[in-house]
Structure formats: structure tokens, C-alpha cells
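*Asks:* Just dropping this structure here.
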Amino acid sequence: MNRINQLFQNKNKNILSIYYTAGYPNLDDTLTIARALEEAGADMLEIGFPYSDPVADGPVIQASSKQALDNGMDLKLLFEQLKDLRKYVNIPVLLMGYVNPLLQYGVENFCKACAEVGVDGLIVPDLPMVEYEEFYKDTFQQYGISNVFLITPQTAVERIHKIVELTNGFIYMVSSSATTGKNLSLSQVTEDYFSRVAALELKNPTMIGFGISDQPSFEKACQYASGAIIGTAFVKALQSDKLEESIQGFMIGFSK
Amino acid sequence: MEYFVNEKGYYGDFGGAYIPEMLYPNVEELRQNYMSIINDEGFQEEFKKLLKDYVGRPSPLYLAKRLSSKYHANIFLKREDLNHTGAHKINNTIGQILLAERLGKKRIIAETGAGQHGVATATVCALRGLECVIYMGEIDIERQAPNVARMKMLGATVVPATSGSKTLKDATNEAMRDWVNNPVDTHYIIGSVVGPHPYPDMVALFQSIISEETKKQLIEQTGRDQPDYVLACVGGGSNAMGMFYHFINDAAVKLIAVEAAGKGVSSGYTAATTALGKEGVLHGSRSILMQTEDGQVVEPFSVSAGLDYPGIGPQHAHLFKTTRAQYVSITDEEALNAGLLCTQLEGIIPAIESAHAIAQLEKMEFKAGENVVVCLSGRGDKDMETYMKYFGL
């Protein structure tokens, strides 16, 4: 059983997952941030591998991606940096990014490299379900990599069930139809959607992301899911000259 | 060989719909409905009527006598420059606005490079009274000021794309983000044969009027509907796909797609996608794109904003890979000179995009009596500043 499944088995409430972009703010911060986050109480990590054209992301994560690329980040280097990941970090780690860099690296090579360094899962927002099932699912499974799919308020119930069939990972519930970094609006529509998905009693755990930025929005999300994912607010809080302090400062705001 | 889209949304190895889940319902709604809407008699009637009475179609197929005698062949220019708004782009925006109305959409977004597609979109939004937001790269806004003013006058909001190279690719990213954020009431009018399925097929269908007319006009003028060569410029590739469409399954017709080499294919300042690109995914479809080893999209370069794009549509990628069409490239300098030549021999100032296709004539050897159709996709008014600077006019 991989670390993601283990986590959800041991803890099914208030799981805090943090997203950050590899190679940002400085090229070599990737592992430092991972260690600091685990120490500060994060339950799971999502490390973004940067892409030049991140269409699902808002300005903050776009800027972090661009900075990371300017710093010289690429997938080869990322796996090199993650070589010692499991010496220092015990919590589940996922990589998140867009499909083109993954295709250029080669899906099999990518899954193999993930397995070697101890990455547990992948989130690739623009990899369609059909292509995943037809071309890549076997490879992911062969290397024990969980593929995490997104759902939104517009995702039909049949499609959610199809996703559940396809993956043993958690279901990433995008809080609203938006790019990353918009504030969670706790409208009736959003709550109805959260409740609707909760009522499906899916076999896979759910995590809510997009628009979660602080303790109140985190708590709200946790009422409807196993936990929540914070990205933009964390990336914004990172200070390159006081990296570890800025991480601790951010995480202190969350009591779980 | 099958050159058109299959039921899964692919052209051979290319195509598909590589989009985040946030866009899935919109794209799926389109996919399920576009063929039945387009094939509906009422739709066709309204579409054809607007193309005739509003756009001014059919556009002439003009036998360019002095170009013909220079190149020792019958050079026909398909005059898309004479369309309302000055380019082929309006064929597609008329089709898509009628489709958006039938899907109940209230708000239209679009990306634009040279501004031609933005103007064509703003025009049909004014025509039908729909809200219009156009995304345009900051650099393109500077080099295409008259088109920006036209869009504003037509009532559109023009939003600068300030990320990346600040050109067409980035405008497309911003438009896609807008669509992610406004999934219910908004239709995204993509201006080229790019994007997730069904866009490449849908845009090609709307542009196919170019070759549909050309065939008829060739019969009238030459007695047969088969030219020897068909040439068109390619950025994303919409005028080329429209120009090729009804000739694709006729192997006797040689198809030539002209990309922008910028300062030269090996100069580092180029948009010659097939010369330098590799297979990958950009803007929602698997195609050929210029990219680094690591799969980062390379910033393209061309003097012509409409060709300044690092990819090509998936059907073009398929025509390239199967060698059904030949892909060549023309430098900025060659294109500008061809623009001047066409102006002085025929009294037609072509868009710099279209001048790339004309420039290719110089590199070809024709047999006497061969019929060559060049798609003159747009007029050069928008490019006067560039021509003035280059020729010191």
C-alpha cells in the first residue's frame, strides 16, 4: 500500500496538503521546503513541476512556474533533487504538472523515476481520462503511482463514478470552476456541490483544493472532505531570504 | 489514408482533447452538439446568407496576370482579403457566433495575434449583440494598434496578455483561463484550427468555404476543378486548412503549407514549427510544437503576428507526418519583399502573413500551363507600419 492510501487509512479528517512549485523561490529549495513542511505539520505534499503554459493556474502559481524555469528547473534536475527525499520526508508526496513535460520525459521513465525516489502519486490536470485509461494506466499501476483526477462543480455524477473506477488515489475536488488562487466563495452553490459529492459516499477519499488559503476556509472544506489543499496562499507566503521562517510562519496559522 | 478527424477526435496520432477538468463540460457540450447544429438546414441557410450578404462571398478567384508571367504558370489568388474585416477569419467567427447562440451562450471570448481574428470576433459580436472580450499579447497590441482600435470601436474589451512572450500563445492561455473561470455562459471562439477537439474540425469546416468556392471558380475559369498546386501560409493553420479542405482527398493536387521562418530557421527567432518542432501537447491537442528537451514551449518569432505561434493544428501535423502536404518556410525578409512584389505587379497589398505564401512561388519550378492557387488570406492595411519601416516609405 502506498503512502497516500496509508495516510487516509490512519487519518480521515483535517488532512492538510500543501502545494509548492519545484525550483521556487530558489532552484535548490525543493527538498528544504518538503522537510520544513513535514516538520511544521503538513500531512501531504504536492510538488509542482513547472510548465511554460500553465492554463489552469492563476497569476501567483504562473509566476512561480516562470521563476522556477528561469532558475533552471527541469524534470531531470527535479528527480536528482528528490534522490534523497525518503531519507528526510515520510509523508506522501505527489508531483503535479502539465502533460507535455511528462510526455517529453516519457511516461514510463517518469513513473519509474517517481517510484525510485519515493513519489507516491501524480496530478496532471490536462491528461484526459480517456487517454489515461487507454495508454497510461497500466504503466502507472506497474510502478505503484496513484493518478489523481480533478472534479469540479460541473462534473457529472457518472463521470465521478468513472474516475473512481480508474484510480485508487484521492479525488481532487476543485472548489469552484476557476483557475488557482481565487478566494473560496462559500456560496450556497459551492456548499451544495460539496454536500452532493459527500453524499455519493465514494470509496476514494476526497480533498478540496483551489481557493483554500487560511484556517477558516480550511475548516470549512474539512466539513465536507477528508481534507484540503493549499497552494497559492503558501507560494505567496514563501520568502527566499527567510525560507524556513516563512514556512513556519504560514503553517502556524493552521491548527488541525 | 484518412485525413479527417475520427470519432475519437484524432487525426492519426494527433488531436484529442487535453484539457483540465474545468473545461471538460464546455468542450463536451460542443463536441456533442457541433455536428448536428452545423448540419441543421436552418443553420446552413443563415450561415450562407450572412457569408453572402454580410461578408461579401464568394470571394473572387483572381488570375494574377503579371505574377503569372513572372512565374510561368497560371497564378490564381483566392481573394480572402476582400472579405468584410479584411481576412478569412470572419468565415469562422460567423459560423461560431451562430453556433454559440444556439448553445444559449451570452458572452464571447477570443484570442488574437495580428488582431484579425479579434476584429472578426468583435464584429460578429456587434452584429449579434453579444458581450465580447478579446485577449491579445501586449507586444501584438503595440504592433497592431489599428486593429486594437477597431475592436474597441466595435464594443469589445481588449485584455492584454502580459505573460511569456506576450504574443498569440499567451493570449490563448489567457483566453483558456477566462473560460475556466466562466464555464457556463461563455463561448470561446478559437480563431484557428487548434485547440481541443472539436475545435480543429469545427474551424476547418467553417473555413472550408474557401476551397468549396475555389473548386467552382476553377471550373468556370479553367474548365476543371483540379489545380496543380495549392499554397497557403500556416500559423495555427486556419486559412490553409480552409484552402486545402476540399482538395485533401484529391492526391493529384499538391498542397503546400508555408510557415514563418522569422529571421531564419536556425536563427533562434523563428516560427517554423514543422522544421524544429516535436510531437507534444499544446493548447488542448496533441500536435507538433516547438519545445525544449524538457517539454517547455519555445517562444516563437515572426514579423507577422498571425504566424507567430509555436504550434500547428493537429490536422496539419497529420498532413505533415503523412507527407500529404509539403511544409516549407519563408523568412521575414522574403515575405516582405513578396508583399511589395505583389503590390507592384498586381495592385494588391497583402497581409504579411499571406505574403509568406506568395514568396514561396519564387522557390518553385512550374511547368507551363500549370494552375496554382495561392490563398491571399488577408489584406495588408494592418501591416502598413511594418512595410513602411522596412522599405523606408
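Placement of Cβ uses the backbone N, Cα and C atoms for every residue, glycine included.
So TrEMBL lists these for the protein:
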ACT_SITE  A:GLU46  active site, proton acceptor
ACT_SITE  A:ASP57  active site, proton acceptor
*Asks:* What number of additional C-beta atoms lies within 10 angstroms of the C-beta atom of A:ASP57 (active site, proton acceptor)?
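*Replies:* A:ASP57 (active site, proton acceptor): 26 neighbouring Cβ atoms within 10 Å.
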*Asks:* In sequence order, what residues of the same chain, 6+ apart, have a Cβ less than 8 Å from the Cβ of A:GLU46 (active site, proton acceptor)?
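*Replies:* Counting only residues 6 or more apart in sequence, the Cβ neighbours of A:GLU46 (active site, proton acceptor) under 8 Å are A:SER17, A:ILE18, A:TYR19, A:TYR20, A:VAL93, A:LEU94, A:LEU95, A:MET96, A:ILE123, A:ILE229, A:GLY231.
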*Asks:* Helix, strand or coil at A:ASP57 (active site, proton acceptor), per DSSP?
*Replies:* coil
